[in-house]
Amino acid sequence: MREGYVDVTGGKVYYQIFGEANGVPLLALHGGPGSTGFGLEALEPLSDKWPVIIYDQLGCGYSDRPEDLSLWNLDRFVEELGQVREQLGLKEVHLLGHSWGTMLAASYLLTRPEGVKSVIFSSPCLSASLWQKDQALHLFRFPLEFQETVARCEAEGTTDSEEYQQAMAEYYKRHLCRVESPKRPADRPFGGVVYNTMWGPSEFCATGNLKTYDVTPRLHEIEIPTLFLCGRYDETRPETLEYYQSLVPGSKLHVFEESAHKAYFEEKDEYLRVVREFLQTV
């Protein structure tokens, strides 16, 4: 594994390159915003055919964490992606975005960059309103007391309270990751300021600058091979995934039956098999 830093608008970002195969590199975009590339290291086995490149977006992990809040917006992250490609000499790439990374991937593709050979939307959020609808439907299946706690804390602005955080932990056990997953190193922190600024206090409470995001009217413009992925218990409901897929002509879809939002941990072997099979066809 090779690692280093590249300069982007606002600071330096940390990257990792796994493998030296001759295939077109797979550039992975992590979720959050602010979640770091740590989890996507699970893609490393694919580097026997395609170099796998992961980077911590500005504001999280091993990358710089500037205090300028004006940096935390979609357009700058799209610009950052282009800067990472340019500085690493990635003339051709496959893109894989996970969660918020799918927002980033879709918005980047609509700038018509050259050399993107395919895109994988993993547990996508391509409409903030549909995402919040999905979370509301999930929340409805929890006990009434649980729902009331969440609603009260959000109404009172006490989403940093212990009871709200405990509720979130229970929610995440069901819909984020249903297995024990590796712990992110303490020195590779989550970008909480980025997340709160762009999204909000929790997965189903969008108050940030992405709260009106909706790329669905333009998904038909994507003309490269496209794969949509999610888990059966994902924050992105399979019904929503099917809707997204219907908007991209010729795209493919796969649902991981034992997974929530992190199928690359929960069903790692199957996730890698599906991604490998897709990449071999493009």
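Backbone N, Cα and C atoms are what each Cβ position is placed from, and that goes for glycine too.
Copied from TrEMBL, the annotated features are:
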type	residues	note
ACT_SITE	Ser99	active site, nucleophile
ACT_SITE	Asp234	active site
ACT_SITE	His261	active site, proton donor
DOMAIN	25-267	domain 'AB hydrolase-1'
Rounded to the nearest Å - Cα separation of the residue listed as 'active site, nucleophile' and the residue listed as 'active site, proton donor': 8
Local confidence of the domain 'AB hydrolase-1' (25-267) - pLDDT mean: 96
Same chain, 6+ residues apart, C-beta under 8 Å of the C-beta of Asp234 (active site), given in sequence order: Ser123, His175, Leu241, Ser259, Ala260, His261, Ala263
Ser99 (active site, nucleophile), number of other Cβ atoms within 10 Å: 26
